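TrEMBL annotations:
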- A:Asp27, A:Asp81, A:Glu153, A:Glu155: Mg(2+) 1 binding site (BINDING)
- A:Asp174, A:Asp176, A:Asp224: Mg(2+) 2 binding site (BINDING)
- A:92-119: coiled coil (COILED)
- A:141-209: domain 'XPG-I' (DOMAIN)
- A:317-325: region 'Interaction with PCNA' (REGION)
Amino acid sequence: MGNADLRDIAHIEEVAFEDLSGVVAVDAHNWLYRYLTTTVKFTSDRRYTTEEGEEVANLIGIVQGLPKFLDNDLTPVFVFDGGVTDLKDDEVAKRRKARERAQERKEEAEERGDAVEVARLDARTQRLTDTIHETSRELLRLLDVPVVEAPAEGEAQCAYMNRVGDADYSGSEDYDTMLFGGPRTLRQLTSKGSPELMDLEATLADHDITYEQLVDVAMLCGTDFNEGVRGIGPKTALKAVTEHGDLFSVLSARDAEIPDAERIREFFHSPPVSDDYEVDTTITPDVAAARAYVVDEWEVDPDEVERGFERIEGALTQTGLDDWT
Amino acid sequence: MFKAIVSASTLRDALDSVSVLVDECKIRLNEDELAIRAVDPANVGMVDLTLEAAAFESYEADGGVIGVNLNRLEDIAGMANSGDLVQLELDEETRKLHIQIDGLSYTLALIDPDSIRQEPDIPDLDLPAEIVVEGAQIGRGITAADMVSDHIRLRVDEAEEAFFIEAEGDTDDVDLRLDREDLIDLQAGPAESLFSLDYLKDMNKAIPKDAEVRVELGEEFPVKLHYEFGEGMGQVTYMLAPRIQSD
């Protein structure tokens, strides 16, 4: 989930959708998660599951969310997570535990008949099931949206594609793409308003630090892979790293410790990423097949998706020059 | 080996035409010309540039390739007055480019060319219509279209012998009609395609207002825009893929 503390020091500017163009490498897990937890989840539950109780909110999310890219000259490439990094074990375990706690409290709330609390806790118990993975991929395939498989962290792969120039932006709500060296990250791609552009170079320039120092600052505050040092927030971390030079000098000056610090740091600097992807950025969706898949096969109420499909149909597809070579 | 002296304005014109599409590029230092070819990550816009040896005050090269950060190089070139000469020399050992401008010397770290996106193949297109028009006219059409929409239609009417730049917004429309007498030349043919204004706006920034722009156009085909700079010794071709209605 990344560390929201970084918001305080990241260089973030609101941008208009109209001013953006090019390829966005979207962290698929992160993007779908937003739709599962916020966009549709709070309104009702029955509409977002089939008779058998299978989750379909992801399909609605895709159909409703895709036009935002297409209408605005942005070509999305969805990057799916590979295996969980062993470094992340703690975080995953913690999240699982949090989910279990939320599940218990949800059941209690259900007994009390507290609908608001149920909805709120429902969001916390969401995770991407195998079905969600499968159906998301299938729908993206029918809509001709490119998909890339990351060897490990999706965000690291997004950042990499952005860095080597295969994508103009990473798309993620978290801050980790920047820690993985992604030059430009678009946030709030699923929200109603304008997206935000988070810029790595500008962030470094704002604080006169190097990329390596930024990672050190983040680690002091805490990341997905480590607990932060007690009592250190972003401002303090920044000051300490600037004063002492790097993470280890700060730790020894404060007589503090971050387990596995060397490995975690190395992981941010050079995470597992793949060059083994091919991205055809000309999107020519088979809307009829996608509609049949969502409405007939997965029993989604047509009213939920019709407007989205209409927008996808009406969108002007930007072709690529490689279509002519 | 690469050593050259060039006027700051010619260098800037060359860099500007590429930097509107990409941040980094490979520069081919051929014996008789400097050449750049680059495409943006979405594969939508391409630039193909050559600057002949004759455009330089002096030019010596033996076919090497360097990778540069264009913004950085533009910033340095921006330090020169337009009449200044810029001296460029490649240090093969350190892989750095030494740049001298009127006493100012700058050592620019180069980028490994292998880390830069591959140079694109140029689509082989035989486009039915050709329009030669002043850069300023295209600029007018683009600026007006941008007020109402995010895409633009370029169209040739064979019967009326006219070139149209059009845009349809949600409420407002824009239409620039250029008849044969408004154009430098027109070879009419069936041609009508839609393009993203984001890209055209950027390309237009680099096209000099007084340049003769040769536009090659087809029906739902990429458009080619050719123009010259550096007193005719620099040539730029932009190619832009169309937008199509997906139905």
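Glycine residues also receive a Cβ, built from the backbone N, Cα and C atoms like all the rest.
Remember, TrEMBL labels are computer predictions, not curated facts.
Positions of the features from TrEMBL, shown on the structure.
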{"residue": "A:Asp27", "record": "Mg(2+) 1 binding site", "CB count, 10 Å": "29"}
{"residue": "A:Asp81", "record": "Mg(2+) 1 binding site", "CB count, 10 Å": "21"}
{"residue": "A:Glu153", "record": "Mg(2+) 1 binding site", "CB count, 10 Å": "29"}
{"residue": "A:Glu155", "record": "Mg(2+) 1 binding site", "CB count, 10 Å": "30"}
{"residue": "A:Asp174", "record": "Mg(2+) 2 binding site", "CB count, 10 Å": "19"}
{"residue": "A:Asp176", "record": "Mg(2+) 2 binding site", "CB count, 10 Å": "28"}
{"residue": "A:Asp224", "record": "Mg(2+) 2 binding site", "CB count, 10 Å": "22"}
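DSSP gives A:Asp176 (Mg(2+) 2 binding site) a helix state. Taken as a whole, the coiled coil (A:92-119) shows an average pLDDT of 66 in this prediction. In sequence order, A:His29, A:Asn30, A:Val79, A:Ala150, A:Ala152, A:Gly154, A:Ala156, A:Gln157, A:Cys158, A:Ser172, A:Asp176 are the residues of the same chain, not among A:Asp27, A:Asp81, A:Glu153, A:Glu155, whose CB sits within 8 A of the CB centroid for the Mg(2+) 1 site. Cα proximity to A:Glu155 (Mg(2+) 1 binding site) (within 10 Å) is found for the following binding-site residues from A:Asp174, A:Asp176, A:Asp224: A:Asp174, A:Asp176.
The secondary structure of A:Glu153 (Mg(2+) 1 binding site), as reduced to three states from DSSP, is coil rather than helix or strand. Looking at A:Glu153 (Mg(2+) 1 binding site) and A:Asp176 (Mg(2+) 2 binding site), their Cα atoms lie 10 Å from each other. Calculated from their C-alpha atoms, the gap between A:Asp224 (Mg(2+) 2 binding site) and A:Asp81 (Mg(2+) 1 binding site) amounts to 15 Å.
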